[in-house]
Every structure is written in C-alpha cells, then in structure tokens.
Amino acid sequence: MDPTSVSERENVTLTCRTKCTLDPITGYSWYKNGQPIPNSNTYSPVYRLFSVSSEDTGRYSCAVEGHEDLPSAEETLTVTCKNMGFKPLVCYVNIVVKDISCKCKRIFKSTVFFTPDSPRNTSVSASPSGEIVKGSSVTLTCSSDANPPVDKYTWYKKNVTSPKASGQSYSITNISSEDRGEYYCEAENTIASKNSTALMIIVAEKQTSVIAAAVGIIVVVLGVILASCLSGFMWFRM
C-alpha cells in the first residue's frame with residue numbers, strides 16, 4: 001500500500017504481490033476489515049482509492065482468485081482530516097458561556113478561546129423621561145455589556161468630584177432645581193471600567209396657571225356682588 005497514512009481527498013494505491021507463478025489472466029479480490037469490498041474484483045494486482053475520506057480508514061488485504069482462503073497480511077490505512085488553512089474565528093459574546101454541545105459527522109479537533117472583555121455599550125436611561133417636575137422622583141438605570149459581567153456600578157454628576165451613589169439604579173426623590181445637570185455611570189468588571197455618555201436631567205417648575213385662573217374668577221364674582229349691593233341704597237338730602 002502506498003502510502004499507509006494520508007489526508008482526506010488524497011489518492012491511495014494498493015498492490016497485491018505474490019511469489020507464486022500466476023496465469024497472466026488472474027483475478028484478484030480485495031478485503032477491508034476482513035470483509036469483501038463490493039465490486040473490487042479485478043484482473044489487475046492494483047486497486048486504487050480516489051479522494052479518500054475518514055470512512056476509508058481500515059485494514060486492507062487481497063487474495064488471488066481461487067485461493068480466497070489464503071489472503072495476504074493486512075495493511076492498515078489511516079486517513080486524517082486535511083488542514084484547510086482556515087484562520088481562527090474570533091467573536092464576542094455578551095453572556096457567560098456554561099455549556100457547549102455540537103454534533104459532527106467527521107471528527108476533528110478545534111480549540112475555542114473565550115477572551116474576557118471590558119464593559120462595552122455602557123448607557124444611562126431615565127424613568128420617567130423628559131422634564132422632571134419639582135418635588136417628584138426620577139430613577140436612572142445603567143446598562144452595559146461585558147464578559148465577565150459588570151460587578152460594580154458608580155454614579156456621578158458632571159463637574160462634581162465625589163460619587164453620587166452606587167448600584168445599577170440610582171433614584172432621586174423630591175427633586176429640586178439643585179438636582180438639574182448631567183449624570184453618568186461607570187460600569188466596572190474584573191478587566192476594566194467604562195463610563196457612559198452623560199444624560200441631562202431638566203427640572204421644571206410646578207404648574208400654577210390653574211390656580212391663577214381660579215383667583216381671577218373669584219375677583220370677578222366679588223365685583224358683581226358689590227355692585228349689586230351698592231345699587232340698593234337711596235340717598236337723601238337733609
């Protein structure tokens with residue numbers, strides 16, 4: 001057999017040799033793992049395998065027609081996966097991978113690397129959004145993608161050195177004009193930290209237009225009542 005170890009899609013030539021003197025027209029039979037190979041009978045001592053695959057791996061032998069009870073010694077053919085020259089695949093995942101399962105028809109080795117990643121896509125959202133009325137509350141939430149996950153969130157107000165709070169959410173209650181400004185969060189895992197873009201909190205005054213209208217109505221009503229009272233008096237000259 002030439003060669004005995006090949007890669008997939010290569011060709012293999014098997015040659016049957018004997019020291020006995022044979023008739024020029026002699027048939028040969030071929031076997032794989034002790035079983036006859038279908039349609040392998042030939043009058044040539046050469047048997048070829050083209051574009052082999054892992055399924056062609058096995059023990060091969062031959063015998064001269066009429067003497068099948070005296071097969072040759074077995075030769076082992078090993079077919080290995082061909083290196084296709086693929087470059088490593090690098091990808092990002094936003095979750096902690098626990099279990100991986102796969103199925104394949106042909107067995108091959110593949111090394112998978114999970115590279116730790118610092119926080120990415122860090123952002124802040126507010127609920128409720130838009131202008132916040134004095135005296136009400138607002139909750140800020142920090143979101144970030146990281147592997148390993150973020151284990152620490154810190155809140156800051158722009159142009160203020162000391163942190164405002166810690167945790168993924170930050171609530172401001174009984175909000176006042178002093179609370180207006182830009183807020184951002186810092187997301188941190190075991191690899192690094194990342195700041196979000198700042199979110200502007202606008203504090204609006206309470207609405208007073210309804211009260212002013214009510215006061216105007218009261219003034220008008222009082223004026224009408226006073227005019228009615230004055231029209232009921234009569235004046236006399238002494």
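Using N, Cα and C of the backbone, Cβ positions are placed for all residues, glycine too.
Predicted automatically and left uncurated, TrEMBL annotations should be read as such.
Copied over from TrEMBL:
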DOMAIN    1-78  domain 'Ig-like'
DOMAIN    119-197  domain 'Ig-like'
TRANSMEM  210-236  transmembrane segment
Tally of residues which DSSP labels helix, strand or coil - the domain 'Ig-like' (1-78):
3 helix, 31 strand, 44 coil
If you average per-residue pLDDT over the domain 'Ig-like' (119-197), what number do you get?
94
Is it possible to list how many residues within the domain 'Ig-like' (119-197) are helical, extended or coil according to DSSP?
3 helix, 44 strand, 32 coil
